[in-house]
Amino acid sequence: MKIIVCLKQTFDTEAKIQLTDDGKISDEGVSLIINPYDEFAVEEALKIKENMGGEVVVVSIGKERAQEAIRQALAMGADRGILITDEALEGGDEYTTATVLAKVIGNMEYDLILCGNKAIDDQSSQVAVRLAEKLGLPQINVVTKLEVSDGKVVGHREIEGGSEIIEAPLPAVVTAQKGLNEPRYPSMKGIMQARKKELKKLSLQDIGLEPSAVGASGAKVKVLEYSLPAPRKAGKIIEGEPAEAARELVRLLREEAKVI
Amino acid sequence: MARGIWVFAEQRNGELKKVVFELLSEGRKIADQLGQELWAILLGKEVKGLVEKLAPYGADKVLVADDEKLEKYSTGTYTKVISDLIREHQPFAFFLGNTAMGKDLAPRVAERVGTGLSSDCTGIELVDGNLHFVRPIYAGKAFAKTVCPEARPVMATIRPNVFPVSEPDAARQAEVVEVPVQVGMEDLKAIVKEVVKQASGRVELTEADIIVSGGRGMKGPENFKILEELADVLGAAVGASRAAVDAGWREHQYQVGQTGKTVSPSLYIACGISGAIQHLAGMSSSKVIVAINKDPEANIFKVADYGIVGDLFEIVPLLTEEFKKLLA
Ligand SMILES: Cc1cc2nc3c(=O)[nH]c(=O)nc-3n(C[C@H](O)[C@H](O)[C@H](O)COP(=O)(O)OP(=O)(O)OC[C@H]3O[C@@H](n4cnc5c(N)ncnc54)[C@H](O)[C@@H]3O)c2cc1C
């Protein structure tokens with residue numbers, strides 16, 4: 001089984017979001033992690049490889065330091081990594097991201113492509129599906145259980161109030177959801193080995209894409225501005241005996257907040 | 001020129017999603033401002049009867065694709081039917097609910113017809129003839145305003161529960177157009193083998209108007225019974241913090257937060273939840289937040305509109321009784 005995992009480096013979930021002077025999202029002092037959903041994808045790929053043999057290749061688009069995230073996946077057990085990094089990619093959207101991934105992955109060998117079902121930063125849950133469409137592959141989205149056998153894949157996918165069991169022929173794109181597995185921690189040995197594994201860096205020129213096709217100039221959707229929510233103000237603490245407090249809360253929800 | 005506002009009339013088992021009415025209500029306003037028509041797109045098997053439910057909310061026309069092959073949702077068949085329709089009629093905008101189906105379908109359609117998509121939007125504004133969308137990012141810790149300047153249709157998935165449903169007008173009629181369904185084997189690569197329903201009968205978290213949520217303070221799975229009882233009285237959904245989910249007390253699909261569901265109910269009642277940043281990220285856009293926690297220093301009180309410092313095992317049953325009295 002040749003498995004490709006698409007991985008994005010994101011802000012730590014603890015990160016406080018601030019804007020720069022020119023209104024962009026500031027990354028100053030923010031620690032970076034593998035997008036948690038992509039970590040489920042890496043873990044699943046490693047488990048499949050352990051069962052069936054094969055290779056796990058991690059592909060990421062990002063800045064230079066996204067290498068850290070790829071190294072971590074290599075330390076978990078992935079075989080090699082590819083980072084596509086280029087200034088011309090700035091300002092892209094899900095469409096241009098999928099364009100770049102499809103260009104790189106389209107030239108590779110694969111039986112299965114695993115991605116996270118969304119990235120916790122831009123939260124768009126589009127790239128994996130767009131990639132599937134570009135490569136002409138079926139998709140099983142938001143999967144909490146996966147069985148891979150010769151030539152096909154069966155995934156349990158979360159829907160409102162239940163789940164769907166979906167079968168698709170390989171190759172296919174599958175997106176991981178929390179519940180699929182518990183990502184392993186890299187072992188000391190894994191970390192040592194990861195240093196020697198191949199991590200290839202590619203520019204747009206290397207992959208044969210014109211700068212005009214990607215980044216801000218290729219994007220279909222543009223961001224006009226970023227803003228922060230108004231901070232919530234602490235409200236009323238309702239004092240008194242439990243029974244009294246409960247009665248008062250119900251009254252306030254009805255009469256003041258008008259939500260009941 | 002691209003014209004018309006389209007809404008995806010998502011249904012499962014012959015039942016329309018609530019978000020469809022929200023989209024029609026909002027779509028009607030935009031269509032009126034632009035002087036254009038509002039169309040609903042309905043796919044399924046034996047779904048024609050649903051048309052009369054769509055018309056009162058403002059649909060001028062309903063395109064119905066009624067076919068055995070569309071009985072169960074599948075990405076391939078639905079994408080084929082809808083993108084053919086888009087290519088034929090060239091709408092200006094197309095809205096879908098940000099539901100399990102909408103999230104699976106919208107990016108696929110957008111990619112096939114070569115357009116952009118703003119996902120999980122909570123605001124729409126018409127500015128100089130184009131649509132601007134507001135999308136929460138970083139689980140609501142920030143917002144992005146997006147625009148799709150050139151590619152058409154302008155596509156967006158809209159978060160359920162954000163737009164109000166307008167008063168239905170029973171006198172409104174919609175023209176029904178039956179669409180021929182042309183799907184082949186190549187559209188059916190991934191097939192739904194089975195749909196497993198959970199027998200909870202409770203409203204879904206992301207659609208719920210009221211959510212009662214429990215955290216590590218619940219102490220064990222059996223104690224969620226007291227939240228269920230409160231939820232029953234309020235017609236609410238029951239959510240959980242990651243601590244409760246990781247302990248195995250609740251299934252992960254009920255997790256609220258940065259790596260769980262993002263919810264925006266009118267009322268969110270957090271019981272035994274400390275208010276970690278990842279939890280707040282998923283629920284801080286709730287209209288009103290209530291916190292019940294025995295620790296007066298708990299972070300959750302910094303965002304709660306109303307708080308009771310105390311033992312949830314004592315307070316929650318009392319609340320249930322009070323609501324019962326009120327709503328009886
Ligand atoms: C990558 C990552 C992603 C994460 N994603 C999420 C997410 O999506 N959602 C999420 O919720 N968390 C998430 N977390 C975890 C988060 O950091 C917190 O650990 C978690 O939210 C804590 O859950 P809790 O508030 O239930 O538990 P605790 O923090 O342990 O709080 C329990 C609270 O219950 C109160 N309590 C105890 N007994 C009682 C009683 N009898 N009556 C009243 N109050 C009582 C205590 O005072 C305490 O405040 C994530 C963490 C990471 C690292």
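Note: Cβ is positioned from N, Cα and C throughout, glycine not excepted.
Features of the protein shown, as given by TrEMBL:
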type	residues	note
DOMAIN	B:5-195	domain 'Electron transfer flavoprotein alpha/beta-subunit N-terminal'
BINDING	B:Arg216, B:241-242, B:255-259, B:272-279, B:Asn293	FAD binding site
Secondary structure at B:Gln255 (FAD binding site) (DSSP, helix/strand/coil)? strand
Of all the binding-site residues given, B:Arg216, B:His279, which residue's CB has the most CB neighbours within 10 A? B:His279
Counting other Cβ atoms within 10 Å, pick out the least crowded of the binding-site residues B:Ile273, B:Ala276. B:Ala276
May I ask you to pick out the binding-site residues among B:Arg216, B:Gln255, B:Ile273, B:Ala276, B:His279 with a CB closer than 8 angstroms to chain A's CB atoms, ordered by sequence, or 'none' if no residue qualifies? B:Gln255
Long-range Cβ environment of B:Gln258 (FAD binding site), under 8 Å and at least 6 residues apart: B:Tyr138, B:Ala139, B:Ile277, B:Gln278, B:His279, B:Ala281, B:Gly282
Cβ density check for B:Gln255 (FAD binding site), other Cβ within 10 Å (all protein chains) comes to 26
